[in-house]
Structure formats: C-alpha cells, structure tokens
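This report concerns only the one structure given below.
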Amino acid sequence: MKFAPQIDAQFVTVVVAVLGALAEEVEGITDARLVQGTNVNLGEALQFLREFDIEASRICFRVSSARWTYSTNMTDFNKRRMIEEQTLQAKFDKLSWKRAVSFDWTRLPDPMVRRQLKQLITNSRASLTDEKYNEIYHLISEMKDIYSHIRICPFNSAERLYCDLELEPDVTRIMSNSRNHLELAHIWREWHDKVGPPMKNKFMRYVQIANQAARMNGFLDAGEEMRYVYDDPEFEIEISESWKRLQPLYKELFTYVRRKLLQAYGPNIVRQEGPLPAHLLGNLWAQDWSKIIDLVAPYPEYRSVDITDEMLRQGFTPLRMFQMAEEFYTSLGLKPMPPEFWRFSMTDKPNDRKVQCTASAWDFCNKIDYRIKQCTEVNMEDLISTHHEMAHIQYYLYYSEQPYLFRDGANPGFHEGVANAISLSVFNPVHLHRVGLFNENTDTYETNINFLMLMALRKVAFAPFALLVDAWRYEIFQNGVQNMNSAWWELRLRYQGIIPPIPRTESHFDAAAKRHIPADIPYMKYYIALLLEFQIHNSMCFAAGHVGTLHTCDIYRSREAGRVLSDLFKVGKARHWKEVLKMLTRGQSERISADAMLQYFQPLLLWLKVQNKNESVVGWMTNLEEEALFQPFLFGGGVNHATDFSFVLFMLITVKLM
Ligand code: X8Z
Ligand code: ZN
C-alpha cells in the first residue's frame, strides 16, 4: 500500500475557523471543465509554483512525520498532534487552490506550468464554502468511524452474548476458513446488516455535497470529476474493451468454481446454471477467491508452493526479509535503500505500544526520508509484501527530483500496478527456486496449472469487482440515490454473477460493506492497476529476454528489466500516463489492455475450457427468484432502477457485452 495522507473530521472544524472569510465560492468557468481565472503572467505562475513546491514539501514532511508518529505509537497525544498538522495542511491546500484558480492555465505557454496548475485545481473540494467543506469531511469521517467500530455476533449461539467480532482478523478469518454455509451466511448477514443502515442517510447527504463541489468545478457530477483524473476521452472505451476481452476467461473460471462449490455444498445452496451466492467464495465481498483453493485446486495431490516452513527452517528474520527484497532491486540495477530507511523503518511489530499494522510505504517529501511500516512475520505472504512495499519506495526514490506535484504514479493505478508486477516475479516457483527457498521440481504440468488457478482466483476473480464498485458510484452520482441497493446488486450480478445469500431491500445499504465507499476512496484505480500489473510484467520480461510462458518469468538479476522500471519511475507524473505506457511498451501501444493478462493465463484458459466442455451454461443464467432477492418490486410494484441508467457511461460496457 502506498501511503496517502488522509483527512480527519476534527481538523476541518478548525480550518473553518481559521479560514474565516476566505472561501467565497468561485464563479466564472471559462474552460470546458475547470474553474480558472484570468492571470496569464508566466513569471507570476512560475513564482507561485516555486513557492508552492517548497511549502507543500515542507508541510507534507510535517504531516507525514506526525502521522508516522501516531501510526507507530497510537496515543491520544500523538493523535492530537497529527490532527493539528493536518489542519495546517488543509488550510494550505485551500489557499493554494485559490491562488491556482486565479491563473488561466490554458493560456500559459509553458506545458509543465500548465500541467501543474491544472493538477492543483482538479479534483478538489476546495471550491465549496467552508461550511460545506466542513460538512462533507465530517460525514466521511463519521462513516469511517461507523465502519471501523462495527462488531458482530458469532455464529455459535452459546457465544452470542459476546458480539465482539471485528472485521480484522475475525470476520476475514471466518469468511476464509469456514466451510459451514450457515455460519458463512450468518457472518455475511451480520456484517451487511450492521454496517449499511446507520450510514445510509449520511451517504445520501455526502452524494449531494460531492456533486455540488463537482458542479462548481465545472463537472456534471462527482463521478465525472472522479474519472477526470485519467484525463483521457478514450478512458471508458478502453475499460469497456478490456473487460470485454477478459470476460470469457472470467466466465470459464466462474463456471469451474461453481461446479466445485456445487459438489461441496449441494444443489440447495448452489444452482447448476445459476449465479453464485456471495458468501461461499472465501471473502466477505467475493472479490478474491484464493482462500477456497482447497475446494477448487485442479490437482490437489500436487503440493502447492508455500515456502514458510523453509523460511523458518533457514532462520529467516524480518530484517533478513527486508535485505532480501533490497537485494532483489539492486540485482536489477536499482537503488539500495538509503541509510534513513534502515534507521527509521518499522520492520517488526513492537510489543511495548499500540501500532497500526497495515503494511505501507512512506515518502516524507524531503528527498531523504523513506520508510516502510510493516508488522512483519516470517512467512511467504510477508516476504512478498516486503518486496511489494519496497517497489513503492523505489518509485519514490526515482521521482524525487520531480516537482512536488509530479511526485506520484503516472495515473492512480501505476503505483499499485508496478508493485504487483514485481510480486509476479517474486511469488513465482522459478524465483523461489533461484533464491534457494523452493526445491521441488517446479515444472510439471500439474503444478503449473495449480499455480495459475491460485493466481486466477486472486486476479481474474477480482476484475469484475474492481470495475463495478465505481460503476455503481458513478451511477449514484449521476442518477441519484433512489434504489441504490438494488442498483448495487444489479451490477454485482451483471459483472460478477453474484447474488446475495438472503433477500435485500432498500433499507439495506450493501455497498457500504466495502470500506472504500464510506471512506470516499476511488476504486477504479485497482482495475487499472490489475491490467497494468500484467502489462508491466510483460514489458519487463521482454526486456529480460524471457522465453516461455509469462507466468514463469522472473526478472531477478536483469539489468534490462531494471531499466524499464527506472525509466518509468523517473517520469513520475510529469508526463501523461499514455506517454508512459507507450514508453513501457516500446512504442507499441498506449492503451490500457487485457492482452498481457490473458497471455499470462492462457494455459489455464485452455485447461478450463476442457473442464467446462460438458457444462450447459458457461457463465450464469439468472431466474426470477434470484433477481427478486434484491428487487422485491419484481414481485410487487415500484420502479426498476436498472431500466433508467442506459445513458450511464459504464453501462456502455454492459450493454455492449451482455
Ligand atoms: O484497499 C486496498 C489496499 C490499500 S491500497 C489494502 N486494496 C483493495 C481492497 O482491499 O479492496 C488492495 C486490493 C484492492
Ligand atoms: Zn501497494
């Protein structure tokens, strides 16, 4: 995970007081989309950006330091200090936005100046009055609070007095490990029933204000503004085409998994030609199916790759795992971690204080201080995570010479895409063999298919979910919040072939069960990152001279692959991501594409087709009873939301494909 500073509610109140009269709403949009002023003096723009750069970097350092201190020592005092720093940052952001919109960036002759000013004024809620700015961040903060405080009751009735199960680790563990469909349905219901309803009204108000901010910035709605960060008129078409290409693979995987689940749970729970109920896939949101590998492994008699025992046998420590990751990058000719990294990173879970354990990589914005925070345990998952987090640090190190506003991935999917591309080389039997952690004969047909199945349960299964979360959000921003729960399930069914295990109504709010919805975090970046991951892996493997199937490629020790990475890293966000993609693909393409992902899974696709050859339906056919689970009006009255959004951008995808 790349660390991104986030805003807490308390500080906004302070900002409002501090800013006073500062934020009268801005009028006069002369560009098609963005708010802009009339100043076309290049000297003044350069001066403003110079000052901005110094001040933004300084404030970023202060906020990162305070956040780090809190995350690695969660005391009330440290929390207060963090909020104070964030308050200053919010004040600075709003002032900077105001100064930036005084320029007419479209008429300034320097492209880098134009690009920076445009970035400063895009996707900002600073156009709101202080009162509304304050209100929306309060709403988000309250929704996040509700989400993080949900506790649910266990399945076992004797234990139901203690309703204290948390999402992490309890709910996640039960959804992964339980094979009792009654328990799974119970946990699924508890979570969804407890999370959604208390935040439904808050979310509806949030939609209203987010739309107001977007309209003041010159957009039709907040969804259009969210998409605008990709700055690409072809964006929706590329997304739509990539999904069209991926869908046959998804349907083959789905069909095979359904057969296995039918064998495991029987026809009363899984219908032979139907969609799948959401609670059986090893994950609360059915977005990652890898935890049910035990039910679906193609060749269960062949051992899967797990090097944890070997790591323990060889006496690995967290420090050694970090050193191993560093050696992976230096073997590519990339940079070693700086001394400050080794001095200040948190590589182990401390036992004398409370810390936030989610792994993350930090850029302190002073070109010196870069750190990872991870409660590392000696196991395979954390070894891969260490390589993943260090990829973010490499990105930070290489774009550190760019101006502040360009120190980021080329688009919101790049950071995660790169880090995951590295993981494809590391979590790879060939690589683990090369580094002396896996000594089995890795190259049998059966182990390859087992491995690809595990990867498909993670990656292919994720694709439709990654797409639909924001397809839903765009739809709500565009068409309003009426029937938003049935709209959610309509998309879940359409893209994923998933239905709720129990009936749902508009009193529920099931999209809120996914943290990114209440927390106001865009999700399309994960779909982009997924495709980029394979595109980047493919390019690095080509540079490394890899021959053979893509899933066996390991770029370790390839300076050529390292150069592909460093060239991409150095640019940061200074150029349009299409140019970066073109560079990555040696001029061949500038499109987000599913081709590399399909190439990676090609051997599995052939295998799945053989497995599914006697299936009457590859994919799913939904009956009325299943649709009525979330559209009670099918059997009663009411409006069917699904009929009135044909003009929504992302519906293009489904209209074209289904
Ligand atoms: O939210 C995350 C990361 C932080 S960037 C933990 N992910 C998405 C999710 O959990 O739904 C990573 C995969 C997709
Ligand atoms: Zn990451």
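Note: Cβ is positioned from N, Cα and C throughout, glycine not excepted.
What TrEMBL says about this one:
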type: SIGNAL; residues: 1-23; note: signal peptide
type: CARBOHYD; residues: Asn73; note: N-linked glycosylation site
type: CARBOHYD; residues: Asn156; note: N-linked glycosylation site
type: BINDING; residues: Tyr230; note: chloride binding site
type: DISULFID; residues: Cys357-Cys375; note: disulfide bond
type: BINDING; residues: His388, His392, Glu416; note: Zn(2+) 2 binding site
type: BINDING; residues: His388, His392, Glu416; note: Zn(2+) 1 binding site
type: ACT_SITE; residues: Glu389; note: active site, proton acceptor 1
type: ACT_SITE; residues: Glu389; note: active site, proton acceptor 2
type: ACT_SITE; residues: His516; note: active site, proton donor 1
type: ACT_SITE; residues: His516; note: active site, proton donor 2
type: DISULFID; residues: Cys541-Cys553; note: disulfide bond
Exercise. Using the structure shown, find which entry in His388, His392, His516 (the recorded positions) has the sparsest Cβ neighbourhood within 10 Å.
Key: His516
Quiz item: Nearest to the residue listed as 'active site, proton donor 1' in three-dimensional space, by Cα, is which of the recorded positions Asn156, His392, Cys553?
Solution: His392
Practice problem: Would you pick out, from the recorded positions Glu389, Glu416, the residue whose Cβ has the largest number of other Cβ atoms within 10 Å? | Solution: Glu389
Quiz item: Near the Cβ of Cys375 (disulfide bond), how many other Cβ atoms are there if near means within 10 Å?
Solution: 16
Quiz item: Taking the Cα atoms as reference points, how far is His388 (Zn(2+) 2 binding site) from Cys375 (disulfide bond) in Å?
Solution: 14
Quiz prompt | Listed recorded positions adjacent to ligand 2, that is, members of Asn73, Asn156, Cys375, Glu416, Cys541, Cys553 whose C-beta is under 6 A away | solution = Glu416
Exercise. Please work out the number of neighbouring Cβ atoms within 10 Å of the Cβ of Cys541 (disulfide bond), leaving out its own Cβ.
Key: 25
Exercise. Based on Cβ atoms within 10 Å, give me the single least packed residue among the glycosylation sites Asn73, Asn156.
Key: Asn156
Quiz item: Once near-sequence residues are set aside, which residues in the chain of Cys357 (disulfide bond), 6 or more away, have Cβ atoms under 8 Å from its Cβ?
Solution: Lys349, Gln374, Cys375
Self-check item: Sparsest-packed among the recorded positions, when each Cβ's other Cβ atoms within 10 Å are tallied, from Tyr230, Cys553
Solution: Tyr230
Quiz item: If you measure from the Cα of the residue listed as 'chloride binding site', which of the recorded positions Asn73, Asn156, Cys553 is the nearest?
Solution: Cys553
Self-check item: Cα-Cα distance linking Asn156 (N-linked glycosylation site) and Asn73 (N-linked glycosylation site), given in Å to the nearest integer
Solution: 35
Practice problem: Around the recorded Zn(2+) 1 site, report the further residues of that chain (criterion: Cβ within 8 Å of the mean position of the Cβ atoms of His388, His392, Glu416; site residues excluded), sequence-ordered. | Solution: Met1, Lys2, Ala361, Glu389, Ala391, His415, Val418, Ala419, Asn420, Ile422
Exercise. Round to the nearest Å and give the CA-to-CA distance linking His392 (Zn(2+) 2 binding site) with Cys553 (disulfide bond).
Key: 21
Practice problem: Return the member of Asn156, Glu389, Glu416 nearest to Cys541 (disulfide bond) in space, with distance defined Cα to Cα and candidates limited to these recorded positions. | Solution: Glu416
Quiz item: What is the separation, in Å, between the Cα atoms of Glu416 (Zn(2+) 2 binding site) and Glu389 (active site, proton acceptor 1)?
Solution: 9
Quiz item: Do you know offhand how many angstrom separate Asn156 (N-linked glycosylation site) and Glu389 (active site, proton acceptor 1) by C-alpha?
Solution: 38
